[in-house]
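Colleague: As annotated in TrEMBL:
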BINDING   A:Glu35, A:His69, A:Glu149, A:His182  Mn(2+) 1 binding site
BINDING   A:Asp57, A:Asp61, A:Asn220, A:Ser222, A:Gly224  Ca(2+) binding site
BINDING   A:Glu66  Mn(2+) 2 binding site
REGION    A:225-281  region 'Disordered'
COMPBIAS  A:225-244  compositional bias 'Polar residues'
COMPBIAS  A:271-281  compositional bias 'Polar residues'
There are 6 protein chains.
Amino acid sequence: MFYHKKELQYTAKPDKPDPVYAKKLQEVLGGQFGEITVAMQYLFQGWNCRGNEKYRDMLLDIGTEEIAHVEMLTTMIAQLLDSAPVEAQENAAQDPLLGAVMGGMNPQHVIVSGLGAQPTDSAGYPWNSRYTIASGNLLADFRANLNAESQGRLQVVRLYESTTDHGVRDMLSFLIARDTMHQNQWMAAIEELEQQQSVVVPSTFPKEKEKQEVAYSFMNCSEGTQSQSGRWASGKSMDNQSTFEYDESPEPMGQAPSLNPAPHYIHDTPLFSSNNPNEKK
Amino acid sequence: MFYHKKELQYTAKPDKPDPVYAKKLQEVLGGQFGEITVAMQYLFQGWNCRGNEKYRDMLLDIGTEEIAHVEMLTTMIAQLLDSAPVEAQENAAQDPLLGAVMGGMNPQHVIVSGLGAQPTDSAGYPWNSRYTIASGNLLADFRANLNAESQGRLQVVRLYESTTDHGVRDMLSFLIARDTMHQNQWMAAIEELEQQQSVVVPSTFPKEKEKQEVAYSFMNCSEGTQSQSGRWASGKSMDNQSTFEYDESPEPMGQAPSLNPAPHYIHDTPLFSSNNPNEKK
Amino acid sequence: MFYHKKELQYTAKPDKPDPVYAKKLQEVLGGQFGEITVAMQYLFQGWNCRGNEKYRDMLLDIGTEEIAHVEMLTTMIAQLLDSAPVEAQENAAQDPLLGAVMGGMNPQHVIVSGLGAQPTDSAGYPWNSRYTIASGNLLADFRANLNAESQGRLQVVRLYESTTDHGVRDMLSFLIARDTMHQNQWMAAIEELEQQQSVVVPSTFPKEKEKQEVAYSFMNCSEGTQSQSGRWASGKSMDNQSTFEYDESPEPMGQAPSLNPAPHYIHDTPLFSSNNPNEKK
Amino acid sequence: MFYHKKELQYTAKPDKPDPVYAKKLQEVLGGQFGEITVAMQYLFQGWNCRGNEKYRDMLLDIGTEEIAHVEMLTTMIAQLLDSAPVEAQENAAQDPLLGAVMGGMNPQHVIVSGLGAQPTDSAGYPWNSRYTIASGNLLADFRANLNAESQGRLQVVRLYESTTDHGVRDMLSFLIARDTMHQNQWMAAIEELEQQQSVVVPSTFPKEKEKQEVAYSFMNCSEGTQSQSGRWASGKSMDNQSTFEYDESPEPMGQAPSLNPAPHYIHDTPLFSSNNPNEKK
Amino acid sequence: MFYHKKELQYTAKPDKPDPVYAKKLQEVLGGQFGEITVAMQYLFQGWNCRGNEKYRDMLLDIGTEEIAHVEMLTTMIAQLLDSAPVEAQENAAQDPLLGAVMGGMNPQHVIVSGLGAQPTDSAGYPWNSRYTIASGNLLADFRANLNAESQGRLQVVRLYESTTDHGVRDMLSFLIARDTMHQNQWMAAIEELEQQQSVVVPSTFPKEKEKQEVAYSFMNCSEGTQSQSGRWASGKSMDNQSTFEYDESPEPMGQAPSLNPAPHYIHDTPLFSSNNPNEKK
Amino acid sequence: MFYHKKELQYTAKPDKPDPVYAKKLQEVLGGQFGEITVAMQYLFQGWNCRGNEKYRDMLLDIGTEEIAHVEMLTTMIAQLLDSAPVEAQENAAQDPLLGAVMGGMNPQHVIVSGLGAQPTDSAGYPWNSRYTIASGNLLADFRANLNAESQGRLQVVRLYESTTDHGVRDMLSFLIARDTMHQNQWMAAIEELEQQQSVVVPSTFPKEKEKQEVAYSFMNCSEGTQSQSGRWASGKSMDNQSTFEYDESPEPMGQAPSLNPAPHYIHDTPLFSSNNPNEKK
């Protein structure tokens, strides 16, 4: 069960309104790697956790914190939209800058949400739950989480660089720091799990059931071999089970497919002797 | 530029048709972590790569290989759909098993694709490009890739467990092995990048600009402290820059938000003295 | 800011697993009118609330409660999925009932979420934020909320009728009761607002600016006049501003549109004398 | 069956083209609460209506009218796009205003639709049918309709405020008036239904089957009790069946969930003694 | 403006309910090439038509007819859902056939739409407007229409083959006949337009501005030359402007791309000498 | 299986960066009729092809070529985004043109993809696979392909007109020429198939099973008969099987629908005598 305190986790007060920036900031609220994504992802991972109670607790702790980040961002965006120039159309004809601002806003911030934040990204695309994953396998999911925090911190940093508003930058410096912690956290949790099982997910599938001859070979599917100079092309494999190989000219190992004709009730194109179109079936 | 050979990368021949399994197998073709996702993700990362040519080459190699995996899966699914029992409706009344099979098929495999594979997942939901990321930051993106291969191998293993068809299992054992390689590959590439920069993405944002006092502290947003027993709650941080702290009772650091009223042209609810609804505005 | 307690708001324990029912129950978790919808809708309405602090507080109270409902449903669904028959394929050939069950499951409950709940609906379609609205106008939004609780309670009741599991029914009886409260709550809040402003949203748009001659007339756009017998076709209008009229044969009041040809850089179809196709341009 | 007359329901002629406004006006054509939504929603409610013929007739009347509104808006948008400055790129370098205008257009209005309207919203997001509901329960659905007309009229009013074009405003004044009627209409229909059944949807579920002790209590899930001053916190409930209560400190009534481990074929994370990571399984 | 008559364009009465078939039939109502698609596509093409009044009229005629097809299908689906076995869960344990039926239904037909049709396809995916196109170029769009009627008739025929219900087949035989007409109609309209302009869309782009040396050559991007035996590989081109050529081994004509490094504010991966990871930048 | 060469199929080098144009160019990369669509559509049609090997080969040839077009466009877009003015916000206040440029960019080109191309359209909407069709019936699908190439070439031409950059125009002139070829190609393939079967898809459904009396008649569902002057309203039908007729006043041929009441477990609105709302049920 959940409870709310009225104060924000950290201060969210812009120096002044900036409706174009409000549109951009939506990305880390309702985008692919925004705060709604991590909140939902961590909560579902926690709720679906079977055993391993310390991970369940940890996931729900951080998922609950992320809702507070959603709250900070919505509050910031609403303030950035204060008094957006809805009525200024006529003046805009005389004032190109104003026109530019209006052109750059998300019109839904006026028409739909009435100067409020929306659960969408910076292109106005709505958040959807296919952004999240809770697979039941914690190592797989913690890698998803490390990725989400890496993409998320990168995006917040880019947004930090895109404004000079001190209030906005102050709040973003808090989010950037929390993402530093959260990247560290998932790396720590991943290390813990990797020490107890293999680094390859899932660790419980019997090795002999996979086609072992291609399990450690890099396939060079292009002309040129620049890809040979990477760590992945030679040396011990990362799971310590084998040695990387570099296959410079991988060839097909399978059949040239030829499918059966469809049964009549499918009403496909009738078959005919393909080299002579004049010869009707 | 791209070229095609008619043979598959590996054999894709089921022992016998199984239209219900065909529906399930769609997940790793057109699902969130299916082969279309990794093909598109690696190709876009490669095409957008700015400098670092060996990574560009490597990304395009593996992206090109993944198109071959898409090809194997579509071929397999088409064969699993051979002669699906479209017309059997009447007999189904006498044959519960047939009815069950029909109930479990994706009807679009008959009506829309005429016994062909579709670029959708096992729930019939179409593939969309928000499943992919190419951020320009290679460390961030390689973490996305490691996650995709971890989720992908997990799903293929679950599908392997869900069938006893030897032909299907043979092809899946190939895909599982390739995912073993690809997890190893991304771990190797990640290690290489982490050795040259900090483990925190992005590594180029100045430390002093983030709110350092919360950059290494775990916030326990729930009753109970089971989350304290994890590696993330004490000891050196993973980036070797600080020490993990455990904040048992995190408190708000920000304001209780109070937004300005909207301007009149927004036509929000008029303000009124909220405690006395009889006092009209 | 938000906090979590480990216990659920109400007991969520099924008598026994039922993976087909788990799929159905997803509707009220991640569907159009499921608990994720109302949680997100109420929270965003609260966070975007400008003034009117008692409404902000109330919205955040109920939004916070709805996250607890999401938690109960995910927990229930995970238990309904306990030991779903993944490996049973071969036996299914001998056991039609088992086959039927498998046909009715959402395959992603095995392949993707590993027997966990998903933020999707009963058709496997992901939740998206266009299900929600936070317009800034509280009367409009409370009507959205009343609708959401009406559709939601209706769906939960239909799900109650679709199972005989006592544990599931017990939890649903709690949700049904909360929806009773929440319908009552929104009706109360609506009444309060309607007493302070007009019942028509928005109440602040000047009457003389709307085309008043069509503001109270029902237009019968079909043959037959059964629609005339409703309350909307005669008598005082609900806003007490006028009288309902019934327009039995509404006629067009506007022009027959004729658009300008597109400029050449659009490369539309060239114009030609349309009545004589033999006369080439 | 349906028939068409060439004239519009009301005049749709702008004073002059305005491609940026054309983008905004798309919201009430193809947005969440645009005219396509209400047309489809009312028609499906009418077609699915079981008995209650006067409601079926009324729903099809208004659904048919809404198609005429779609027609008016597409016609208006096409005219607002007349001669949009596609080729002006070069001049834009010298003319910031022109550049601003072009930046604010939806590029698809040129590239995709060739200066025609699109069935999308003002962010360019396509209309989809999850915006609509036809549940079979008329009281629930009429509440959906009242909400749609409230949100719709609010959006049209905001659009009215965003332009000074007399032709556009004239057409919008017609749509605003029709939305006044339609809000009145749904309120009238709701009153009629509420008089014949309970105000709580559905009215046919036995009271004793719901958890009555929580059916009329407001739960204060936050610090502070501002939410206590509302009509929903005390006094007779709106359905006249009970009295509102205010639960100042609601506590969990359910279990702390603990899920069973997943069966082996799910390949989740293996369980291990979580407090001692050095103790391998 | 539009008007409605209560009678259907053609009889829609199934012999008996069949909820599994109802799910399938949704494909041609709300699927990619269902009746909603063609209704919306033809209406938008008509409304956006600039000049060429006979085409506008024709488009609105057929668009209006397609709404009547939507009406017939919703009516049919609602009847196929009559008395679907919602409550039968317990009995299903004893009756495998019933279980099979339930497994094959779309659960939303009970929970969401209460035995009514939905604007979705047979996989439960909602209709969206990106299924449609109205480009302003009539020849392009009539080709879209011919495709839609071809796919649509194919799907209806497959659905005809999937049932033995005489009432359903009778209605489908009507839709199949109308699709015969509509394919003929678009072929006629296409022929008319092609006689007045070139067959290549758009016909108004100057030939000298395109790279003419590759405008008539087939590029064999695979091993093997089976594709050489087609009409497209030799002989006069279809636009009578040139001769088809077959390029057996097409080679790249462009550069090997090398992108500039990103500016610092993008925070990409830092560049480093890629072959020696120990040599830090 | 697939292979890659590092060089592009054709040169992709803009004269100079233009981030607003980069956004527009996304349409033909990741839009409804962009290069991803045709690549995926042709590949799936080829992979699902049952028999007719020359068509399979041809489809895979052109599908493989289209991946090279995707590659050219991503490379071009990345270069158009070189050094986009992220940090310029402050200066923008002094420089309206810069502001205009920034207003017109897709913000995700900075925040999400770090100056790289995205698999989305010009409105920022992600590509999804419902844009494609592979029905198994080649004549139907080749019509889809002809449409895609017609819409695609039209869009590229409009984009050509929207820029004066010589490098961009050079690349577009190549794509326009390839689309000329591909339109010719599909017309050639269509002619070949039409000569071997009827022009109506599918050609294998028995004529006597369709409602022949409406299979060649145009229905004038509107006032006025401008649609009578088209080729589709008189003369021999295009399939040479009959003669077009013009039905000036089509009348309903079906029933006025009346549905059964829903069973009690659906909890619809109770039925009541609809003309007397005071008479409770």
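Just so you know, glycine gets a Cβ as well, placed from its N, Cα and C.
I'd like to know what surrounds each of these features in this structure.
Modeller: For the recorded site, A:Glu149 (Mn(2+) 1 binding site), the DSSP three-state label reads helix. When other Cβ atoms within 10 Å of the Cβ of A:Glu149 (Mn(2+) 1 binding site) are tallied across all protein chains shown, the result is 27.
In the three-state DSSP scheme, A:Asn220 (Ca(2+) binding site) falls into the coil class. All protein chains considered, the CB of A:Asn220 (Ca(2+) binding site) has 25 other CB atoms within 10 Å.
Long-range neighbours of A:Glu66 (Mn(2+) 2 binding site) (same chain, six or more residues apart, CB within less than 8 Å of its CB): A:Glu35, A:Val38, A:Ala39, A:Tyr42.
Taking H, G and I as helix, E and B as strand and the rest as coil, DSSP gives the compositional bias 'Polar residues' (A:225-244) the counts 7 helix, 2 strand, 11 coil.
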Colleague: Only counting partners 6 or more residues apart, tell me which same-chain residues put their Cβ under 8 Å from the Cβ of A:Asp57 (Ca(2+) binding site).
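Modeller: The answer is A:Gly46.
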Colleague: Closest to A:Ser222 (Ca(2+) binding site): which of the binding-site residues A:His69, A:Glu149, A:His182, going by Cα position?
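Modeller: Of all the candidates listed, A:Glu149 is nearest in space.
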Colleague: Roughly how many Å separate the Cα of A:Asn220 (Ca(2+) binding site) from that of A:His69 (Mn(2+) 1 binding site), to the nearest whole number?
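Modeller: The Cα atom of A:Asn220 (Ca(2+) binding site) is 44 Å away from the Cα atom of A:His69 (Mn(2+) 1 binding site).
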Colleague: Please report the distance from the Cα of A:Gly224 (Ca(2+) binding site) to the Cα of A:Glu149 (Mn(2+) 1 binding site), rounded to the nearest angstrom.
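Modeller: Computed Cα spacing between A:Gly224 (Ca(2+) binding site) and A:Glu149 (Mn(2+) 1 binding site) is 35 Å.
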Colleague: C-alpha of A:Glu149 (Mn(2+) 1 binding site) to C-alpha of A:Asp61 (Ca(2+) binding site): distance in Å?
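Modeller: So the alpha carbons of A:Glu149 (Mn(2+) 1 binding site) and A:Asp61 (Ca(2+) binding site) sit roughly 16 Å from each other.
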Colleague: Among all the protein chains here, how many other CB atoms are within 10 A of the CB of A:Glu35 (Mn(2+) 1 binding site)?
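Modeller: Around the Cβ of A:Glu35 (Mn(2+) 1 binding site), 24 other Cβ atoms lie within 10 Å.
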Colleague: C-alpha of A:His69 (Mn(2+) 1 binding site) to C-alpha of A:Asp61 (Ca(2+) binding site): distance in Å?
Modeller: 13
Colleague: Roughly how many Å separate the Cα of A:Asp61 (Ca(2+) binding site) from that of A:His182 (Mn(2+) 1 binding site), to the nearest whole number?
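Modeller: With the alpha carbons as reference points, the distance is 12 Å.
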Colleague: My list of binding-site residues is A:Asp57, A:Asp61, A:Gly224; which of them have a Cβ under 8 Å from any chain F Cβ, in sequence order?
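Modeller: Cβ contacts with F, in sequence order: A:Gly224.
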Colleague: With a CB cutoff of 8 A to chain B, go through the binding-site residues A:Glu35, A:Asp57, A:Asp61, A:Glu66, A:Asn220, A:Ser222 and name the hits, or write none.
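Modeller: Near chain B: A:Asp57, A:Asp61, A:Asn220, A:Ser222.
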Colleague: Beyond A:Glu35, A:His69, A:Glu149, A:His182, what residues of that chain have CB atoms within 8 A of the centre of the Mn(2+) 1 site's CB atoms?
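Modeller: Output for this site, in sequence order: A:Val38, A:Ile62, A:Glu65, A:Glu66, A:Ala148, A:Gly152, A:Leu175, A:Arg178, A:Asp179.
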Colleague: Are there residues of the same chain, six or more positions away from A:His182 (Mn(2+) 1 binding site), whose CB falls under 8 angstroms from its CB, and which are they?
Modeller: A:Val38, A:Ile62, A:Asn145, A:Glu149
